[in-house]
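Asker: Here Swiss-Prot flags Asp8, Asp9, Ser40, Asn92 as divalent metal cation binding site, drawing on sequence analysis.
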Amino acid sequence: MRVLVSNDDGVDAPGIQILAEALRHGGHEVMVVAPDRDRSGASNSLTLDVPIRTRRIDAQTCAVAGTPTDCVHLALTGMLDCDPDIVVSGINNSANLGDDVIYSGTVSAAMEGRFLGLPAVAVSLVTHNHQAHHYDTAARAAVEIVARLKADPLPADTILNVNVPDLAWSDVLGFEVTRLGNRHRSEPCVPQRDPRGRTVYWIGPAGPEQDAGAGTDFHAVRTGHISITPIHVDLTRYQALETVAGWVGGLTAALDGPA
């Protein structure tokens, strides 16, 4: 298969290099199109107000001065000579569990591939303080999952969000299909003073686990399993439709009232 590989940690990150090599070793034709620097937390942002510069590093690698979504969008809308068959994003050097997927550039790169018609997988290594030890485990998991997708494709609107514990392959207890858990609200922002005495802010840490019981991605990874969560992009809150429908009469009546 022709595999487009991207990430949000940047084209020089070890995770993407190990992933690309593992996929090549697995017999796939791999093209890497990734940000020229760390763009973690970029979510689904596209660059629309300035042109995007690219730089060929070698015949199979291109660095992009843009977001992860930019990278995949460009690659799938004319930048590459040959169309890929699948998008694999990662290996991210930290978890993308629960609510993390909303902010994750890793997941968003996969999501853009899915928007543009390709199967897509996001792969993250659940590290402690970003100290990764077993990218090879996550890469091997990715190769296995790509093979399964080729043999048994999923519905066209499905993205696989994969989180891998930072363990040796022989220590992983298995794969689990999971749902997204969620976290408590984020920790407070962190104010500091710059050298001129002005206040600046750092975004605070993600909140601790909240919904993290059996069946969630949090629980699977915590118990030594590789979590596979099928996700899609329909954000409709179906349980609220009836309540909001009850508002419609009053809202419509307000249109006839005074301006």
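Backbone N, Cα and C atoms are what each Cβ position is placed from, and that goes for glycine too.
Worth saying up front: this structure is predicted, and the values here are computed from it rather than measured.
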Asker: By the count of other Cβ atoms within 10 Å, pick out the sparsest of the binding-site residues Asp8, Asp9.
Answerer: Asp9
Asker: Specify the count of other C-beta atoms within 10 Å of the C-beta of Ser40 (divalent metal cation binding site).
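Answerer: Excluding its own Cβ, the number within 10 Å is 19.
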Asker: Test of understanding: give the count of other CB atoms lying within 10 angstroms of the CB of Asn92 (divalent metal cation binding site).
Answerer: 32
Asker: Centre the Cβ atoms of Asp8, Asp9, Ser40, Asn92, go out 8 Å, and tell me which other residues of that chain have a Cβ in range of the divalent metal cation site.
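Answerer: Once Asp8, Asp9, Ser40, Asn92 are set aside, the remaining close residues are Asn7, Gly10, Ala13, Gly15, Asp38, Arg39, Pro68, Asn93, Ser94, Ser104, Gly105, Thr106.
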Asker: How would DSSP class Asp8 (divalent metal cation binding site) in three states?
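Answerer: Where Asp8 (divalent metal cation binding site) sits, the three-state DSSP reduction gives coil.
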